[in-house]
Ligand SMILES: C[S@@+](CC[C@H](N)C(=O)[O-])C[C@H]1O[C@@H](n2cnc3c(N)ncnc32)[C@H](O)[C@@H]1O
């Protein structure tokens, strides 16, 4: 496919034509760098019959090149003005398989977009940074109907999501996301690729929900509490964290040994499997 026609001038003209002032409260930073747009679209490796969903299409910088690659696509846009101008620009009538949902992505029931015939969802979005983590958690609750997700977020958040155990950025977000999905850092995107430029550098990453989780927490809510409580005190040893916490039981040497974990270890050295072992063991003990 030819390079995207979405250069800085096109976006700037589109914004003017739509008399659209980027709205801070909706996290509106529009992509205008054609080569970045092409790299993002290529990284998704779409097939014609994919069930593609874009969150926050904005002025359509990603939407148009994405739509060129698939037979059907649904977009979810909160800003009604942008959704209306997208309908006109893309010509929803001439694209019977292009659907615009004017709604908050946090309120969408993604299960309704799935069917055996359409297949699992492939979700894409240059996400509004102000609500990025809640949107990710909302989508994780639909992991069984999602094939994969490609998102752009602040580089710092992407580094945390994709961090390896033991690294400086490994934390709660890494463990929870990696419990549910394979995570891949794909590309770094400079501030200048957007209009207006955001304050920080961005990055694109892929989340692929596990079909069969390699590690199973018997109680996922309790697992999330263990992860949160331990990383709230990431400088302390696990022995001290469990002793001090009002939500977790005090663990004996035998308890730690049963989980195969050194009580002197600190949270960032624990793998997802270690956290699952700890929570599966601790949930049976009295606090
Ligand atoms: C960072 S902009 C990206 C726009 C476009 N995809 C691009 O790359 O140029 C985020 C987009 O998400 C929309 N948005 C913000 N909050 C939203 C929400 N809760 N649900 C759906 N869309 C939202 C904004 O209006 C905006 O169009």
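Note: Cβ is positioned from N, Cα and C throughout, glycine not excepted.
Whatever TrEMBL says is automated annotation, not expert-curated.
Residues 29, 31, 56, 77 are recorded by TrEMBL as S-adenosyl-L-methionine binders, and the candidate that the same record lists for that site, out of 126, 130, 212, is 126. The stretch that TrEMBL tags with region 'Disordered', taken from the ranges 1-20, 81-100, is 1-20. Each of the binding-site residues 29, 126 was scored by other CB atoms within 10 A of its CB, and the lowest score goes to 29.
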